[in-house]
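K.L.:
Dumping the structure here so I can ask a few things about it.
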């Protein structure tokens, strides 16, 4: 993505229903005690769809249903999402329930069932409480207002503490194209796939094959480059719906504005990924680890992810301790090719290791830096030109509290 | 190890210096504020030695020195160990210091330097304070008393809360053979190698090639089957010294008592591994995960290690929450071949999942079970005959506290 793209612009205050023809809403139907727990995203017309899904061998029923829509039709017009229950490991009944959610949503909006995606998030292994859920579906009245978008963003959350929204505009064929995204994350977040719920809408015109290509090309460097706790969920997915109402000529790699589109999609995905990492369960800080000079980009990302996922690095950042020994140890066990004497480490702008040996630094200055809400760690390897970034969060008392008492 | 071996017997109250001809001691030399921080293990005669070492690409200086002794001579007569400083990432000076430790220890006991192993554990990236260390070496006066052994076991500890010792007797050629072990663990504990310090002594007669074979054969199912936090250290090693003073005929796979010896060595290693897991930083419980019916033993161990290493499983056990959804999710992302509908899970003796679906169980009964200091989780896969066990510990507030303030 070396091409400079002037048109891309972050739009503040906007949301998932901003692209032309998209509507959203979230409500409380009764799966949770009080909070919003049911949401729908609807496009006026069928949209091209692309999706990436968890690599966990145990896949929840809604994920199986949604995957089929993506793979078989390449089109989607609505997504129904519940929080509070993951509908995972629920056997045949769970599959039945996911299909019922799909069917009833289709009925409610007068569209074909195979244009409806289904997503669920919450506790594993409990059957869905279908009665309130089905009543809830009949009450869904999505709009293209900011209010509807906000309700949607709230209804998909579990232990998240904040909504995660981002919206950009760009131009394709001189026409305004909007790409907006919303996501939930928090726990059970680990790369090797989406491992979260992410929904991205755009009014760009693009067929599902090229949309999938675009999504895949940015997934590794965004959603797959975050980790909260190394646990990969059974349920998570990222969907991109492109309904074409911007009326541009269909996008493909041959289109002169392909790079603009990709860059904008990348910005949306990266914003969401960083928001998820920053709002990891119990987190007080976003940690960004940048690796340069690895043999390949993939190795650089692998090292960055290993460092940002190390419990010892995470607790050191929580404790504002410039304990670079834990960083270099994680680099060493990442499995990537490294030369110990070629390693450089910086915490913020402060060098702490040069050529594999300690550099004298001001502990006080680093203590001050480590108290900031965003901490950057740089690792230089001097092996090649591979570069990668990964995002994570610190490991805190609150992570333990949240997870030692989640289900009960 | 299917052969029944009558002679093997756990000996209580004994220790690392119990096998004939071994002496040990630990003292405070001044690397730590008050606690013991320097230890030596000495054999009256040169012993056959076998070792397994961390797979971390960043290897500390003492490890490099010790590896050379093991690989070049196959003989060792003394091991000098300091705690409080890992002498890792300390460059040329660090290597120099490790060699000086080796040389001065050799001088102190009138043996050749290439018969001396060196081990260090503690903080990474700080130069060793050689003055108190060298003075300390001159004060070392190892004995074959229980007191000397206890001092040794204490001096190798870092954040460990208890000493880790075990001793067994067996018979080889009708002669008593003792195998004793001591270890330190606590943080930065993760398989794919020793990732800890472990010292095992025996008076059995066995050459270093067969000793290495014996150690390798039991490492995967003992030291490599534990995890505390997934961080693999730069320093850790297990050494076995066999000085031959039991005067048995040399052991090899052809010897009729080979299986007795292996089984006893296995028992020592497994005891130490479980003690390390149980005393993981901040741990309140030992977690044992047994996997049966995997495609291979290696896959079974991989799944067991993934489950026991999952932060969400660890926090659930800490919170006494029978949250099997996290167990099945970890099975799913282990990377092993599983059939979701073939999975059985038990917590203690209580089935919670059968054929991939929830089983109704008494939450109260499981709450009671999960309050015990040792928690067992069984996962059946119904895919093959592969079997494996892994050990770990719960993830608690204390882990955060210990690691958010370790270095400072």
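Here the Cβ of each residue, glycine as well, is placed from N, Cα and C on the backbone.
Feature list, courtesy of TrEMBL:
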type: BINDING; residues: A:158, A:184, A:195, A:281, A:403, A:408; note: substrate binding site
type: ACT_SITE; residues: A:195; note: active site, nucleophile
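Each of the listed features needs to be described in terms of its position in the shown structure.
P.N.:
In the three-state DSSP scheme, residue A:403 (substrate binding site) is classed as helix.
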K.L.:
I'd like to know which binding-site residues lie near chain B: of A:158, A:184, A:281, which have a CB under 8 A from one of its CB atoms?
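P.N.:
Going by the Cβ criterion (under 8 Å to chain B), the binding-site residues yield none at all.
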K.L.:
Fewest other C-beta atoms within 10 angstroms of its own C-beta: which of the binding-site residues A:158, A:403 fits that?
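P.N.:
Result for the binding-site residues A:158, A:403: minimum number of other Cβ atoms within 10 Å at A:158.
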K.L.:
With every protein chain in view, what's the tally of Cβ atoms within 10 Å of the Cβ of residue A:184 (substrate binding site), excluding that atom itself?
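P.N.:
If we count other Cβ atoms within 10 Å of residue A:184 (substrate binding site), we arrive at 27.
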K.L.:
Secondary structure at residue A:184 (substrate binding site) (DSSP, helix/strand/coil)?
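P.N.:
In three-state terms, residue A:184 (substrate binding site) counts as strand.
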K.L.:
Once the chains shown are all counted, how many other Cβ atoms turn up within 10 Å of the Cβ of residue A:281 (substrate binding site)?
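P.N.:
Neighbour count, Cβ to Cβ under the 10 Å cut-off: 28.
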K.L.:
How would DSSP class residue A:281 (substrate binding site) in three states?
P.N.:
coil
